[in-house]
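**Student:** Supplied in structure tokens, the structure appears directly below.
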Amino acid sequence: MSNRRPPAPDPARPESQPYNIIPIQNLLADHPSLRYPEVRAAAAALRTVGNLRKPPYAQWHHSMDLLDWLSLLFGFQKDNVRNQREHLVLHLANAQMRLTPPPDNIDTLDAGVLRRFRRKLLKNYTKWCDYLNRKSNIWISDRSADLRRELLYVSLFLLIWGESANLRFMPECICFIFHNMCYELNRILEDYIDENTGLPVMPSISGENAFLNGVVKPIYETVRREVDRSFNGAAPHSAWRNYDDLNEYFWSKRCFDRLKWPIDLGSNFFVTSGSKKKVGKTGFVEQRSFWNIIRSFDRLWVILILFLQAGIIVAWEEKEYPWNALKSRDVQVRVLTVFFTWSGLRFLQSLLDAGTQYNLVSRETLVLGVRMILKSVVAVCWMIVFAVFYGKIWSQRNSDLRRSPRDLSWSSEANKKVVTFLEVALVFVSPEILALVLLILPWIRNFLENTNWKILRMLTWWFQSSSFIGRGLREGLVDNIKYTLFWVVVLATKFGFSYFMQIKPMVKPSKQMLKLKDVNYEWHEFFDHSNRLSVGLLWLPVVLIYLMDLQIWYAIYSSFVGAGVGLFQHLGEIRNIQQLRLRFQFFASAIQFNLMPEEQLLNARGTFKSKFKDAIDRLKLRYGFGQPYKKLESNQVEANKFALIWNEIILIFREEDIISDKELELMELPQNSWNVRVIRWPSFLLCNELLLALSQAKELVDAPDKWLWYKIRKNEYRRCAVIEAYDSVKHLLLEIIKTNTEEHSIITVLFQEIDHSLQIEKFTKTFNMTALPNFHAKLIKLLELLNKPKQDRNKVVDTLQALYEIAVREFFKEKRSTEQLMEDGMAPRDPAAMAGHLFGNAVQLPDDSNKTFYRQTRRLHTILTSRDSMNNIPENLEARRRIAFFSNSLFMNMPHAPQVEKMMAFSVLTPYYNEEVVYSREQLRTENEDGVSTLYYLQTIYADEWKNFMQRMRREGMEKDGEIWTTKLRDLRLWASYRGQTLGRTVRGMMYYYRALKMLAFLDSASEMDIKEGSRELGSMRRDSGLGSFDSESSLSKSLSRNSSSVNSLFKGHEYGTALMKFTYVVACQIYGAQKAKKDPHAEEILYLMKNNEALRVAYVDEVNTGRDEKEYYSVLVKYDQQLDKEVEIYRVKLPGPLKLGEGKPENQNHALIFTRGDAVQTIDMNQDNYFEEALKMRNLLEEYRRYYGARKPTILGVREHIFTGSVSSLAWFMSAQETSFVTLGQRVLANPLKIRMHYGHPDVFDRFWFMTRGGISKASRVINISEDIFAGFNCTLRGGNITHHEYIQVGKGRDVGLNQISMFEAKVASGNGEQILSRDVYRLGHRLDFFRMLSFFYTTVGFFLNTMMVILTVYAFLWGRLYLALSGVEGSALANKSGNNKALGAILNQQFIIQLGLFTALPMIVENSLEHGFLEAIWDFLTMQLQLSSVFYTFSMGTRTHFFGRTILHGGAKYRATGRGFVVQHKSFAENYRLYARSHFVKAIELGLILVVYAAYSPVAKDTFVYIAMTISSWFLVVSWIMAPFVFNPSGFDWLKTVYDFDDFMDWIWYQGGVFAKSEQSWERWWYEEQDHLRTTGLWGKLLDTILDLRFFFFQYGIVFQLGIAAGSTSIAVYFLSWIYIAVAFGFFLMVGYARNKYAAKEHIYYRMVQFLIIVLGILVIIALLQFTSFKFTDVFTSLLAFIPTGWGILLIAQVVRPFLPSILWEAVISVARLYDIMFGVIVMVPVAFLSWMPGFQSMQTRILFNEAFSRGLRIFQLVTGKKS
């Protein structure tokens, strides 16, 4: 908090002002981006104020421009003007740079660019004007180019948008403001005269900050007051207006009549509290109810229910196939009853509409109310009409039968009646038929919806209320056919399966059950004579599964379709290093083809011919046909460009410590030196090739040259290895022998001979091939001598002599005498030298400083010696995955790269609140209870990366390892932070964009010479910086400059300017100002990040105290100024009030959005990461905005993610496997063919101007938009956007890794989905999309959670139904009659079991895995997961989803859960697990377990053990999973000592008598109250439904009491009522003990003991009396517990619901009983855990399960967990 305002920069000297990207205020400054004429042209265009009337009351400087003029007229803030000036200039300059061909006059702003921008920016505004039938206030004709006017309109809109703060979430509100201000602007431009004053017109608002105070603030205050009325989201949504309601007020003409302009503050729009006048909800009312699911997706439920009904009618005939049954006219007529159901469903829908939306009806919107009533009336009429006509059919038929009972055929009169009925039905379904026709012709539908003709509005008024969004959502014909086909197949499979496997098998048992006579009921039966209830219970689970199993079929089909689409996209073709080796030779061409801009002919782009040629080129490239993609000999520029890029990637791998120095040398492409004639591939590709060539030469001793060379040449790498080895040896020998010596000339002559024989192709004729191995051995020896730190010159001489001997004595086929050798110049003139002094004085070894030489010798040594194929280079799995993905993506289809100057500009936006930036020294060293510090954990998990890091530190001058905590501390902290989920990691990843753009900009403009020079210079530079020898680490003192890459040294200066104009990174650190004021270490770390990354900007909200209680709020943007060496403030825009009115994250994104630049913005979360090699492809990705995908161009480009947290534990692996299949395969299918991909908080790239004018990149209303990201997708789809998905580029993402974090995350998502169901967006999509896209939408968002819940409900329905049948005695009677109802149920149960084991998640995972890594590996992974109990985890997480999804829909209470992103190695205590899972899992599991036990005890079926197991195994699995999962996946979960401590801790927590301030972690009571929070916020219906559900617990008592011995076989209802006496007595005893304790326990303890004694004695006497005088058995004591404990629990739950009506003494008793119940549940859960802890060997097995992935990499996890450090 700062109390003083920062000093304002001096307006007279604009040069001194800090700037963001371009110093526009000073165009003469020396700044690289000012060298672009486009920038100057845009800035100059803004200065054309010319003869505009100067604003009065203000000083006008000659340097002011159009934005200043607008600001003085309308009262915009200065910094808003500066911000938008740069925004506009940058955008126009970038747009003009992209023009192809470039404009004739490069120094003036192109009119076309400006016009296109104006149209795009104001498109939503013009649509809005059309919709409201208002004339647009853009007074400009498309033929005349009035630049200044265009600029004024655009600038006005941007200035309004830039200062609207929270109103940016209300796009049509901004349209309204713009519409009115634009009208005033027009009147000023046209020099109108004000009628009242006779002076020229003035704006209605002007003066300092007039816009903020006069326009924004009143509307902002309304939003704020409405939010206050929501009581922090606790009030029902229908009671207050959220952002959407306030925005939708502007969708009707009343905004003009009521609000007026200047804004009339007396308008009812601004009234928020109680009076009748206020505006209610607009457009939609979010009512909390389960009915929303039916209401939003009514078409889906209609088709399911009608098929079920028809299916049962047909199956009831028990014919083999349905078409046999349908031959009979009786069945056909019975099937017509579906029309009753249909009309009934329409009536239900109309009731639901009225029941939920009645709040919309006000005096201004009476028509809505009329329509609601009419719809219900019409639906009732239809029901009556159908009943009448259907009755006529049967009355006719019956009278026919009476006339002639023998004749069973239908008479013509009866048939006529049927036809009449069908004619009536045709009228009923006519709207559906029309919809079907329009589905086939999508463009007609789009046209009709988008036109604003009155007549069409009248016609569609009946079907849906007119809405500004959600019109014209149909896709193109081809897409339409694709997704229609997909769903037709899925539905056909589902209905076929349902009929034959679900409905038909149930018919026979149902009939037998209905025929059962004289059932021997074991209790008091209220409906004596029919078994309809039993039949209903049999059918219930079947119907539930029937309603949900479309989800399974969707999962199956979408997996295979996704795999097919992936195959066509060429995913997973390069999976590993072997496959990479095969393709590496085409790699340079692929990089050239995809990443380098081609020289484009001006008009060749986009024509059919060019597209065809492009496709052919891609094929050639992919399969290596055609010459240009074959060989890259080393003189070509292309090869050098490739080398620069490849080496930069490898160098960055080294910086990130995922490869070692040695691997760096093996993987880099060395620069060309030593006159090698071929391209020098990385060493790891050439391994073993030379040895293979040698062995070939040995085998083919006498073969001619051509044949031998043909054999070697077949393998490109072998050819290169041979030539390079020869050239290098030649160069090496000539280098180490002094020139001008006799030895030098001898060697030269020798090589001349060899070269000559090669030329005339007589090599094998002239020389002995058998001598080659000897040469080979000696050369290796020579190189080893040279590479030693201490060189032995004499040994070098000896080796050279030996080489000479071989050459002279063995190599030539014709032996030559010494004289001949002398004659040929191959022997010294002096015979004495031959005797042994040869080479003695001629050897001259280069000194150590010649790094190039020694680097080459090492490389040559590698080529000569490597025997193994280096398939395991690089060793690090992450490095391999990244290389494989990058190389594979280069062969996928992607748009061609433009030059950096011509690419679209983009920015990245990351919202940050208070998470870790960089780990501090303390965080790394602090140990947990097991003695494991974070650093130790990281060193263990990333052992190889730690080794590489230490190697790099030593190379950079660290001498002792201890220095890592002193001089190298910053490096250490960064190393650790880059392996966690920190802001530091995210920033590093995103800044790779900047680095990549600089490098690409250099390559775009570099000449051949630059690149050649570059590759030379770089070679030497890199050697000087000493990425060098491994033997002599000490000699490498110079450090590698780390932030600057090696390419930096070549830059000419303009690269920085280009990159800054194209990319900016804004991190929205909401509370950075407060952190700075508090000297929070986070603030220092953020400053450090800004200092080291010049393209990084930080936006935050500054709170400034002005008066005693008054605060002003500012949106501030800061950067780090490298010249001044401090943080400088760039812009400070005042806000109308506090920022956070809605959900925090979207509000934070929205305030920083005004500081982003460019055409696109990529939304990146705090837990993401990026890779340099992926950043190279960004300019290709942005080109996708120019392509059509279906009928539209994209507005969101989806990007795939890689989940990088999978290696931490098995849980993290399950989670990341599940996530990965969702973010790859799932998204791929959604985008194509289903066309329904949304935005799921992925690193998607948004079309910035499109979203800017349509409500921003997320929605922010309190609670309803808790999953803020997906609403951006909903909004985009509803407003006619198009969302695509691209798999050739990926971004890293972290996920939660511990069970508790994962459960919190799942809870957040499930609650978010529960809120989505209530939202207007889902309702509109459910109604506005065509039927098949609506199915895709349902099953991939809300439906997934609903169906998960259905699965759990099926288990409940099945078990409760079974319990009813067993306890009532129906089951026994049915068994006697041997009905086969078990077979039918078996089919359904199996289906439920399959889902429960996680088939939803498993199948897509297997398919995606086999696509990208191969089938066998996928199956192996799947089996490993099963062994690690992944099914237990998936079953458990289904429970989490069900609980939170259901609770949110019933009661609300969704809240943002901060899941924490730490590492999980510590043990979670039992009390903590109990708090988290007691209500969502444990209690439910105990309930189901109880049912299973009771069923086992009382069911005649269960006497057959096998049948019982077969029927209940899946339910038992569910119970065990829900109870055991938190302990199985808890480190040291089964450690006996920890279990004992945990139990003590749990009991302490239960009995803790905390004060008012106790937290739920300390006190059971506090926690118990928090668990009931949702009952405080819920409405009446929620409470009612809750109570009804709680009544199920009373059933145990009703069923079991009649089974007790004391009941003596009586089935009178009196038995049940008498049993309640027991409960009353027990409760009385409990109250007495409690009373006695309170009164006597402290002072007169003996009395208290006395009371206890009496009660015990009394209890024993009662039991004895019962045994003596009634038919009470002793076992009844235990059996009755099964009956009464659930009853007590039911009473407790109901007491919680009706708490407001309970007297306090009763409530105290309720609390005490509840505490006992929680102790009992805790003990039940604890028993199996304690047993397993006591069993030997379970602990180590559990560790193995939890950390297996890590085990297989040789990790010492056991030490990690037990803390036994070495």
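In case you wondered, yes, glycine gets a Cβ from its N, Cα and C as well.
Features from TrEMBL:
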type: DOMAIN; residues: 148-264; note: domain '1,3-beta-glucan synthase component FKS1-like'
type: TRANSMEM; residues: 297-316; note: transmembrane segment
type: TRANSMEM; residues: 373-393; note: transmembrane segment
type: TRANSMEM; residues: 418-443; note: transmembrane segment
type: TRANSMEM; residues: 485-503; note: transmembrane segment
type: TRANSMEM; residues: 531-548; note: transmembrane segment
type: REGION; residues: 1019-1047; note: region 'Disordered'
type: COMPBIAS; residues: 1026-1047; note: compositional bias 'Low complexity'
type: TRANSMEM; residues: 1337-1359; note: transmembrane segment
type: TRANSMEM; residues: 1482-1501; note: transmembrane segment
type: TRANSMEM; residues: 1507-1529; note: transmembrane segment
type: TRANSMEM; residues: 1613-1634; note: transmembrane segment
type: TRANSMEM; residues: 1646-1669; note: transmembrane segment
type: TRANSMEM; residues: 1681-1702; note: transmembrane segment
type: TRANSMEM; residues: 1714-1734; note: transmembrane segment
**Student:** Reported in the order helix, strand, coil, what are the DSSP residue counts of the domain '1,3-beta-glucan synthase component FKS1-like' (148-264)?
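**Tutor:** Within the domain '1,3-beta-glucan synthase component FKS1-like' (148-264) the tally stands at 78 helix, 2 strand, 37 coil.
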**Student:** Between 0 and 100, where does the mean pLDDT of the domain '1,3-beta-glucan synthase component FKS1-like' (148-264) sit?
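**Tutor:** Mean pLDDT across the domain '1,3-beta-glucan synthase component FKS1-like' (148-264) comes out at 93.
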**Student:** Which residues of the chain, 6 or more past the ends of the transmembrane segment (297-316), have a CB below 8 A from one of its CBs?
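**Tutor:** Residues packing against the transmembrane segment (297-316) from afar: 322, 325-326, 331, 334-335, 337-338, 341-342, 345, 349, 495, 498-499, 503-504, 507, 543, 546-547, 550, 1326, 1331, 1334-1335, 1338, 1343.
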**Student:** Same-chain Cβ contacts of the transmembrane segment (1482-1501) under 8 Å, 6 or more residues past its ends?
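**Tutor:** Long-range Cβ neighbours of the transmembrane segment (1482-1501): 1355-1356, 1359-1360, 1362-1363, 1365-1367, 1371-1372, 1375, 1382, 1439, 1443, 1474, 1507-1508, 1511-1512, 1515-1516, 1518-1520, 1522-1523, 1596, 1599-1600, 1603, 1682, 1686, 1721, 1724-1725.
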**Student:** What stretch of 418-443, 485-503, 1507-1529, 1681-1702 shows the most Cβ pairs under 8 Å to the transmembrane segment (531-548)?
**Tutor:** 485-503
**Student:** Are the transmembrane segment (418-443) and the transmembrane segment (373-393) close enough to be called in contact, which here means at least 3 C-beta pairs under 8 A that are separated by 6 or more residues?
**Tutor:** yes
**Student:** What residues elsewhere in the chain lie close to the transmembrane segment (1714-1734), defined as a C-beta under 8 angstroms and at least 6 residues from its ends?
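**Tutor:** Distal contacts: 1470, 1474, 1478, 1482-1483, 1486, 1523-1524, 1527, 1533-1536, 1538-1539, 1543, 1546-1547, 1550-1551, 1564-1565, 1568, 1685, 1688-1689, 1692.
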**Student:** Taking residues 6+ outside the transmembrane segment (1681-1702), which of them lie with a CB under 8 Å of any CB in it?
**Tutor:** 1487, 1490, 1493-1494, 1572, 1575, 1583, 1586-1587, 1590-1594, 1596-1597, 1599-1601, 1604, 1619, 1622-1623, 1626, 1710, 1713-1714, 1717, 1720
**Student:** Which bits of the chain, at least 6 residues beyond where the transmembrane segment (485-503) starts or stops, bring a Cβ under 8 A of a Cβ in it?
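**Tutor:** Same-chain contacts beyond the ends: 307-308, 311-312, 314-315, 322, 542, 545-546, 549-550, 553-554, 557, 561, 1233-1234, 1332, 1335-1336, 1387-1388.
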**Student:** Which sequence positions outside the transmembrane segment (373-393), separated from its termini by at least 6 residues, show Cβ-Cβ distances below 8 Å to it?
**Tutor:** 333, 336-337, 339-340, 343-344, 346-347, 349-351, 353-354, 414, 417-418, 420-421, 424-425, 428
